[in-house]
Every structure is written in structure tokens, then in C-alpha cells.
Amino acid sequence: MQRLLFPPLKALVGSPCLRLLVPRAAPRTQCGWSCGIRHSLRPGQYSTISEVTLQSGRGTVSLPSKAAERVVGRWLLVCSGTVAGAVILGGVTRLTESGLSMVDWHLIKEMKPPTSQEEWETEFQKYQQFPEFKILNHDMTLAEFKFIWYMEYSHRMWGRLVGLAYILPAAYFWRKGWLSRGMKGRVLALCGLVCFQGLLGWYMVKSGLEEKPDSHDIPRVSQYRLAAHLGSALVLYCASLWTSLSLLLPQHKLPETRQLLWLRRCAHGTAGLVFLTALSGAFVAGLDAGLVYNSFPKMGESWVPEDLFTFSPVLKNVFENPTMVQFDHRILGITSVTAVTVLYFLSRRISLPRRTKMAAATLLALAYTQDSVLFNFFFIGDLDKGITKIK
């Protein structure tokens, strides 16, 4: 193969690019030139090899398609991990009620935290001008403020790290020609979603900084914006992970049977249910609806609480009534666990690759682990209520 290729390559040394038709069945060889086949071809098909740039008598080569796909796949896998970390850190920020401690947003300026006592005092004074301090934290000390400030600061800095993890390698891979035409569209969409996610985060925080003269309720961010912020993060995570695994793992070609079709539909439905359950959890967090009833399976003394439809119009209860929001979240959670269980048993009845069966078993284990954690939370709530009655 080298003897066939080298004479024409040497003859065209002055040309900026080479276009050679190479059979797909021919083995790849290390010829010191750019021989990157970008698309997987069927046996007998031909591919055009191009973009061989010559610098100082040597060719700078782009990676073969499979090697480039592995690099891009690993990059997106790391990116999905950083998004998962951001979601977890955002949850911790929410639990520590730290999200409103930073009252302004600057892309570069806020990357440097306060260092002197004077700078901390200035930052604290800015926080004191907003409703959370006036209504909820009016007796907060500077040391306590530093804790919640650093929690929010770490969440924002991690968000910037996520943005850099997407945008910088994407620009590098694009310039190197390691992205196929279809992958360029996906990468652009992912980078755009990262930028949108950052802007949406600040839009959410602004809702908790607004003055509401007619309300003496605890200042909190809009549950609608919180759900949008979480939902877009989940979409970014799933899209990155799906694209990564599609590049790294070989596809198994299975016969299209009726059982496989039902399994695929069940998987899609289960994914949708889990996503809706997560969004309803954002509404629970935004309204502090988890504090309304802390018993399970009943809500208080009844299965269906009486105050489900106290708001008017009726649809408003679904998004703004804490009782209804918690009730919906419970129903969606139970339905999701049931769907995961059905999906697992369906997968056991079909001849599937070992990797797919392991994924179904892992999903089942995670679902019941999540369920047991929530059960323990409600058990502690019931125990605390019983101790209070005894006292």
C-alpha cells in the first residue's frame, strides 16, 4: 500500500490538498501524511481523503475517524460529569439557602472573591439591601454570611468551569477537523445550551432579589425559573452523555421484534416520567412544599389532603399550591419507580446484550435507593412528630 501511495504523494508535494480514492477494505498504514477517513463506510465503498496540509516538508495529519470519535466521545463524557457535578452543587446551594447571597452578576469581575475585611464588609452591606436579609437573616453575622457567599461562589465558578470544558475543546476539535458535519451541529447546540444555562441561572436568582411590598413571605426564587434552570441542566447532561456513549460504545444490531419495540417505548416513557418527576421536585424546592407534609404514605391523617384545590383557577394549584405540588411529586415518584420496575422485567424477557441488561439492573437499583432515602426522610419526620406529641 505504501509503495502505491508514496510516488503520487511525492509528485504532489507542492499541492495544498490531496484527493485520493482509497478502498474501505484496504488496511490503514502510517505514511506520515494526513490520511483521515471521516465517515464509516460499508465494504466496497470509497472515501475521499483530503485536507493534507504541508508544513516545512511534513504533513500535519488529522486523526482517523475512529480515533477522533474516541477523543470527542471521552471529552463529552467528561463534560457530562461536570454538568452532573453542577447539579449536585446547585442542590447543596439550595439546601444551605445560599443562592441569594451574591446579589449581582459579572462574568469576569466576580471571579475574584473578597480578600480584605473592607471588601467583605462592602459585600455584606450589598446583601443587607435585599429582602432575604431584611426578612429572614436580619441577625446574620459576617462569618455566617461568608459561608453562604462561598457556597454560591463555588456554584458559579463551577458553572464557568463547565462552560470552558465545553467551549474551548469544541473550538480546538473544530479547527483540527475532528468533528463530522453532523457532530458540528450537536456540539454547537451543546455549547449554546451551556451559555443559555448560565444566563438562566442569573435570571432565576433575580426573581429572589425582587422587592415584594405586599408579601411578608420568606424570599425565594421563582419555582418556574428554578424548574427551567434544572430542566435545561438535565437536558444538557442527557444530550452530552447520549452523544458520548454513541461515539464510544459499538451499536448492537438486534432483530426488530415486537418485544423489542415495546421495550424501546417503555424506556422512552420511563425517561419522560423521570424527567417530569425531577421538574416537579424543582417546584417542591421552590415552594418549600416538602415541609407541608412529612408523613408517608399518608399526607397527614388522610390519603388525599383537603387543601388540594384551595387556589383559583384550578390549574394554579398544580404549580403554586404547596400541598398539590407535593402530592403530584409523590404520585410521579411512585409512577416512575413502577415504570423502572416494569422496564427491568421486560428487559429480562428479551435476549439483550450484557451491557444493556447491566444498565437496566443499575437503573432499578438506583430507583429503589432513591425511594428508600425518601422513605427514611418521611420516617424521621413521623418520628419527630411523635416525640413532639409525647412532650
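Note: Cβ is positioned from N, Cα and C throughout, glycine not excepted.
Long-range neighbours of the transmembrane segment (75-95) within the same chain, counting only residues 6 or more positions beyond its ends whose Cβ lies under 8 Å from a Cβ of the stretch, are 151-152, 154-155, 158-159, 161-162, 165-166, 169, 173, 190, 229-230, 233-234, 236-237, 240-241, 243-245, 247-248, 285. As annotated by TrEMBL, transmembrane segment applies to 75-95 (among others).
Within the chain carrying the transmembrane segment (157-175), a Cβ under 8 angstroms from the stretch's Cβ atoms is held by residues 68, 71-72, 75, 78-79, 82-83, 85-86, 89, 107, 111, 184, 187, 190-191, 194-195, 197-198, 201, all 6 or more beyond its ends. Residues annotated as transmembrane segment in TrEMBL: 157-175 (among others).
Here TrEMBL flags 187-205 (among others) as transmembrane segment.
The transmembrane segment annotation in TrEMBL covers 225-249 (among others).
The list of residues near the transmembrane segment (270-293) in space but at least 6 beyond its ends in sequence, with Cβ under 8 angstroms from a Cβ of it, reads 94, 218, 220-224, 226-227, 229-231, 234, 299-300, 305, 319-320, 322-323, 325-326, 328-329, 332-333, 335-336, 339-340, 343. Annotation source TrEMBL lists transmembrane segment at 270-293 (among others).
Here the transmembrane segment (329-346) has long-range neighbours at 259, 262-263, 266-267, 269-270, 273-274, 276-277, 280-281, 283-284, 289, 296, 299, 360-361, 363-364, 367-368, 371, 374, meaning same-chain residues at least 6 beyond its ends whose C-beta is under 8 angstroms from one of its own. For 329-346 (among others), the entry in TrEMBL reads transmembrane segment.
Taken from TrEMBL, the feature transmembrane segment covers 358-381 (among others).
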### Summary
Sequence-distant residues near the transmembrane segment (187-205) by C-beta distance (under 8 Å, 6 or more away from its ends) are 76, 79, 99-100, 102, 105, 156, 159-160, 162-163, 166-167, 170, 173-174, 179, 221-222, 225-226, 228-229, 232-233, 235-236, 239-240, 243
